[in-house]
Amino acid sequence: MADQEKREYNLRRLHSLLGVIPIGLFLMQHLVVNHFSTYSEEAFNTAAGFMENLPLRIVLEFGLIYIPILFHGIYGVYIAFVSEMNLGRYGWFRNWMFMLQRLTGIITLIFIGWHVWETRLANAIYGTEVNFDMMASILSSPFMFWFYVIGVLSAVFHFANGLWSFFVTWGLIITPRSQKIMTYVVLVVFVVFGYMGIASLIAFAS
Amino acid sequence: MAEENKMIKFIITRQDDPDGKPYEEEFAVPYRENMNVISALMEIRRNPVNAKGENTTPVFWEMGCLEEVCGACSMVINGKPQQSCTALVDQLEQPIKLEPMTTFPVVRDLAVDRSRMFDSLKKVKAWVPIDGTYDLGPGPRMAESKRQWAYELSKCMTCGVCLEACPNVNDRNDFIGPAPLSQVRLFNAHPTGEMHKAERMDALLTEGGLQDCGNSQNCVKVCPKGIPLTTSIAAVNREATIHSFKSFFGSDYHN
């Protein structure tokens, strides 16, 4: 009886969990690998090559990336759809975060769709080679550069703020004080990974 | 005295019946010292003439205790949902705008139907069941410190202000809202109420329950009673995590 009725609860908890494990972990890993581009072209190609040659790559990709992101993204759009923004009347910090979490989620979904097409599906279908040069040529267009900047910052924001919500959702931070401290912790997460993302983009583009 | 002729301007959002179209009507009410919004509404009821001098129907609203413990007179005053009994005219910017809380179905003018909140309290079993066919004897004692803490949560008057401010309580979402979530925490903390904790948690995690909270935390800011709603929500979130683990990995019985 209860299992059927708790479908929504289970989906929401799954959505929250997947956002951090594995999607959040993958995002951090991805930004760390990309950051090698700031050292040199070879360093990036070596780091990316290491990831590319992991055993059972296709299983890892589907199990840890595609399926979780598809679920998180599609269910996330639904979550955004069933909320009604009311910042005009209640312009407090957490309400802003609430709105931005949904907005960056949608932007990130669009960005990831494009990004996966360009850097993964194109490789799978046409055999386009994925390396430093490929990113350099994509980001040589100013439009694409700014599209990537917005996409990367949205993704990192969505992860950092989502990490905060994750801690609340699972009941790990309860008191206002612990929630406040966590706000600062995720701010650091946002700054560090946002910096790594932007630094990589600049390294690719220049 | 200059005070004698002072008029207070009101812009009131009215609606003639539940399906009616809302419209605004302006009123000018003679100022009296220490006026609250309800006394101004009473004045309009006594002399139902709008600011243009036309006769109109008296503005309808609900009230009960007049001391901010019943929640019935809640409305949106100058954009802020609150009780009209404790909204003092001297502290409000003019013209004073009165609107019904639109999260709830409007019955007429400023009166809304808060039935959904009472239904939610029934749904999550927000009570301590003690009735029976024989005397159950005294229940377990509660620590005084805990009683004082629980008293704060018990101040909830089901006024609906937190639901009005919650972005996830709307037509597209059947979220029961913050108030009943905190009540679950209250009754789960009660030494006798605790005996029905699992039952309450099962009810709380059904469609429209706890999981629909989006952490905008507007509720805790607007609560007129200062109830730590977001602390309660996080606490019930932890309870839900433990409850789910026990249900899944635990034995076939747990409370």
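The count begins at 1 with the first shown residue.
Positions of Cβ are set from backbone N, Cα and C atoms, glycine also.
Taken from TrEMBL, the feature heme binding site applies to A:HIS30, A:HIS72, A:HIS115, A:HIS158. A helical conformation is recorded for A:HIS115 (heme binding site) in the three-state DSSP classification. Taking all protein chains in view, 17 other C-beta atoms sit within 10 angstroms of the C-beta of A:HIS115 (heme binding site).
Marked as transmembrane segment by TrEMBL: A:16-36 (among others). Panel annotation: around the transmembrane segment (A:16-36), residues 43-44, 46-48, 51, 64-65, 68-69, 71-72, 152, 155-156, 159, 162-163, 165-166, 169-170, 193, 196-197, 199-200 of the same chain, lying at least six beyond its termini, place a Cβ under 8 Å from a Cβ of the stretch.
Annotated transmembrane segment per TrEMBL: A:56-78 (among others), in sequence order. Below 8 angstroms of C-beta separation, residues 11, 14-15, 18-19, 22-23, 26, 105-106, 109, 112 of the same chain, each at least six residues beyond the ends of the transmembrane segment (A:56-78), sit close to that stretch.
Taken from TrEMBL, the feature transmembrane segment covers A:99-117 (among others).
As annotated by TrEMBL, transmembrane segment applies to A:145-172 (among others). Tertiary neighbourhood of the transmembrane segment (A:145-172): same-chain residues 12-13, 16-17, 19-20, 23-24, 27-28, 31, 97, 100-101, 103-105, 107-108, 110-112, 114-115, 138-139, 179, 182-183, 186-187, 189-190, 193-194, 197-198, 201, 205, selected by CB-CB distance under 8 Å and a gap of 6+ residues from either end.
Marked as transmembrane segment by TrEMBL: A:184-205 (among others).
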Beyond the flanks of the transmembrane segment (A:99-117) by at least 6 residues, Cβ under 8 Å: 69, 73, 76-77, 79-80, 83, 85, 87, 147-148, 150-152, 154-155, 157-158, 161-162, 165
Candidate with sparsest Cβ neighbourhood (10 Å radius) among A:HIS30, A:HIS72, A:HIS158, the listed binding-site residues: A:HIS30
Any further residue of that chain within 8 Å (Cβ to the Cβ centroid of A:HIS30, A:HIS72, A:HIS115, A:HIS158) of the recorded heme site: A:ILE23, A:PHE26, A:LEU27, A:ILE69, A:THR108, A:PHE111, A:ILE112, A:ALA155, A:PHE159
DSSP-derived class (H/G/I helix, E/B strand, else coil) of A:HIS158 (heme binding site): helix
